[in-house]
Ligand code: PAF
């Protein structure tokens, strides 16, 4: 039975009762749970004695013209999935409880959050780091699991935890995909039939570039162009970025070298924004 904790006070009371030595795993989410989230839960269960998830659609990380109001909120179905997965507790706070009137402090990572999604979604990562640090302070987990599909979010959170000495271990869960390669995302439900048919091209573009890398291409600009050429097969796909980046700092690189690269793509299909990525191994 998953215990539902609907406010900070009940979460704190629950947390205080956990016995010393119990390893607590945490999976923060915005709900609309799919198999990708459930794989993070499974990873948390394997790494901890007790698992808590959170569902909180965090207004701070949405821009003024983004999808906050229409973000899917199938809360009953989400609770059933967490129950079935044996999650011990669910933190389900309200916006008012998380951000009481007058809250005026934000947490900002200033390097890794700059490019890619940071460049096209100003303030997004500041909203993410602010809520994640609050959640870490409230939940006090030993280990927390985030999906590699948001590779930049993982990198930003890892930096925040390192820079601010937050006592939590961060694990990354692998990207889960549909049979045709489309990365699982809560936003996939927005896609029209036509856009859904075009969406696997994102993953295909990453794979095509990975094949070019395997065949010896190392020039970052040429690799990105190969990815863009694949996406050009569909005029439904409006590319926001297709980039080859240093896998840790996310800084720009001219060539893929010893430390490999993160291939990252973001695109709009209709009004839906999708992201995907792939890590290229480095030369040894
Ligand atoms: O990845 C998400 O779902 C959100 O960005 C997170 C980490 C739960 C913070 O709101």
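Just so it is clear, glycine is given a Cβ too, placed from its N, Cα and C backbone atoms.
Listed in TrEMBL for this protein:
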BINDING   30-37, 147-150, 184-187  ATP binding site
ACT_SITE  37  active site, proton donor
BINDING   61, 153  (R)-pantoate binding site
BINDING   61  beta-alanine binding site
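The Cβ of 34 has fewer other Cβ atoms within 10 Å than any other of the recorded positions 34, 37.
Listed binding-site residues: 36, 147. The one with the lowest count of other Cβ atoms within 10 Å of its Cβ is 36.
With respect to ligand 1, the recorded positions 30, 32, 34, 37, 184, 186 contribute 30 as residues with a C-beta closer than 6 angstroms to one of its atoms, given in sequence order. The DSSP secondary structure for residue 147 (ATP binding site) is strand.
DSSP assigns residue 34 (ATP binding site) to coil, not to a helix or a strand. The Cβ of residue 61 ((R)-pantoate binding site) has 21 other Cβ atoms within 10 Å, all protein chains considered. There are 21 other CB atoms within 10 A of the CB of residue 149 (ATP binding site), with all protein chains counted. Taking the Cα of residue 184 (ATP binding site) as the reference point, the closest of the recorded positions 37, 61, 153 is 37. The binding-site residues shown are 30, 61, 147, 149, 153; of these, the one with its CA atom nearest the CA of residue 37 (active site, proton donor) is 147.
All protein chains included, residue 186 (ATP binding site) registers 19 other Cβ atoms within 10 Å of its own Cβ.
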